[in-house]
């Protein structure tokens with residue numbers, strides 16, 4: 001087994017080359033190529049994703065604009081009615097019919113229910129309840145000094161409300177409910193106790209109660225959703241309400257009821273050309289009002305977790321998008337409705353669409369390129385590995401003796417010279433052993449060269465297993481070996497040589513099927529500490545000279561000094 005001492009002062013490039021062989025270089029190159037191809041593909045995916053998000057927002061924005069314009073049309077009518085009534089409060093008309101209506105009110109105000117009507121063809125009737133009913137709660141009051149003006153303004157509102165009705169409006173009912181115990185509505189009420197129940201229903205609704213000056217300090221339009229559990233889908237509605245104030249006094253509320261069914265029809269019409277995605281309208285509490293899904297199809301509703309995630313995102317911006325499982329949800333707040341419009345796009349719709357086709361093609365291209373890259377990497381890696389193995393084999397053959405598997409003469413001298421130089425600079429001991437097998441020629445002559453080869457291989461194995469890990473050994477001649485002992489003093493070298501001599505002498509070798517042979521070795525030792533000379537060739541020559549003395553003294557001996565001072569060891 002060959003021993004090799006690694007030099008600490010090798011160049012950084014050689015160390016790097018030793019650490020990173022051709023296989024590592026191939027792996028690194030292919031890894032860089034795959035990384036860049038993946039990054040480029042990922043960049044394309046991000047661009048495609050941004051385009052997809054922009055497409056979703058554009059689809060949602062077009063439908064939201066149509067719905068918002070329609071709601072704005074209705075809100076403009078409501079504000080127009082409020083402004084007209086406010087003008088009537090400030091400057092009431094001095095028509096005799098209006099004055100007569102005030103007189104009739106004074107006569108009927110104590111009744112349980114009553115009705116005032118000026119002209120059935122041009123105005124809407126006014127319905128009211130008694131003073132006793134109004135006095136039951138602090139929310140209602142007939143103590144206003146402008147009660148007569150409010151009454152005439154409400155009658156004038158009847159003209160405007162009748163004229164303002166249009167088939168293009170989403171609203172089913174427009175009404176004014178006064179805190180003074182009367183109301184006006186575009187939907188007629190049968191004369192009787194229904195007037196009381198209807199007025200009671202109005203003044204107990206959130207859209208009326210929440211318009212007090214304390215609860216609505218901005219005095220703007222507010223939206224409310226009917227959330228009663230017993231209300232059917234056909235009866236669901238949203239209500240827009242607007243307070244009527246003058247001189248810091250709250251007179252009442254103008255309101256407009258819009259059926260959810262009307263919103264659904266309008267939403268389906270607006271999204272008719274958009275064959276992908278589903279539109280959903282939610283109120284400000286994220287309660288689903290309606291959707292654009294066909295009647296035979298179930299809507300993609302949000303669960304509680306998805307609703308919470310969406311609510312958190314809505315707090316940050318007025319529009320955006322969010323991936324929820326296999327759905328992509330884009331949302332936008334409406335300008336004229338206190339709620340949001342959602343567009344839900346499923347994974348199946350995305351795959352079947354244009355962006356899905358592009359994504360699939362991009363994925364297939366990346367997969368094909370990656371597969372080709374991996375196959376090429378495997379082929380080149382295999383070729384480089386074979387070349388590297390061949391190179392190492394040739395290099396090993398160039399440095400080692402094929403029979404003994406120790407260093408050959410050239411490699412040994414090169415490595416030993418570098419070691420000697422290093423230990424000379426460090427001023428550390430350095431020793432050399434020269435070894436020769438005794439009577440080796442007779443082994444070849446008696447048993448043949450194959451037996452001789454077996455003896456050489458056997459001796460080399462014993463040498464390699466006896467020396468230290470950082471020592472090196474090589475075959476420098478026919479049956480002659482050289483052992484380099486860096487860091488070993490002459491005494492230590494003598495101990496190592498003695499162990500080698502004993503092991504070689506103690507082991508028998510099977511040279512033929514029925515014949516064993518015991519061999520011996522003679523050795524000469526030299527050390528740099530003797531003369532301070534670290535020149536390896538000089539040390540090897542001196543050890544070889546002492547080897548000759550050992551042989552002259554009878555073989556199977558070690559000579560560690562000149563012939564006049566040598567000590568024999570058997």
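Placed from the backbone N, Cα and C atoms, the Cβ positions cover glycine too.
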Request  = Tell me which range among 339-359, 360-380, 381-401 Swiss-Prot lists as transmembrane segment.
outcome  = 360-380
Query = Given 20-40, 41-61, which one carries Swiss-Prot's transmembrane segment label?
reply = 20-40
Key: Non-site residues, in chain order, whose CB comes within 8 A of the mean position of the CB atoms of 444, 449, 453 at substrate   = 443, 447, 448, 450, 451, 452, 455, 456
Request  = Taking only the Cα atoms, work out how far residue 441 (site 'Transition state stabilizer') lies from residue 449 (substrate binding site), in Å, as a whole number.
outcome  = 10
Query = Of the recorded positions 444, 449, 479, which sits closest to residue 436 (Mg(2+) binding site) by Cα distance?
reply = 479
Key: Rounded distance in angstrom between the Cα atoms of residue 479 (active site, proton acceptor) and residue 453 (substrate binding site)   = 10
Message = For the domain 'GGDEF' (428-563), report the average pLDDT of the model, please.
response = 92
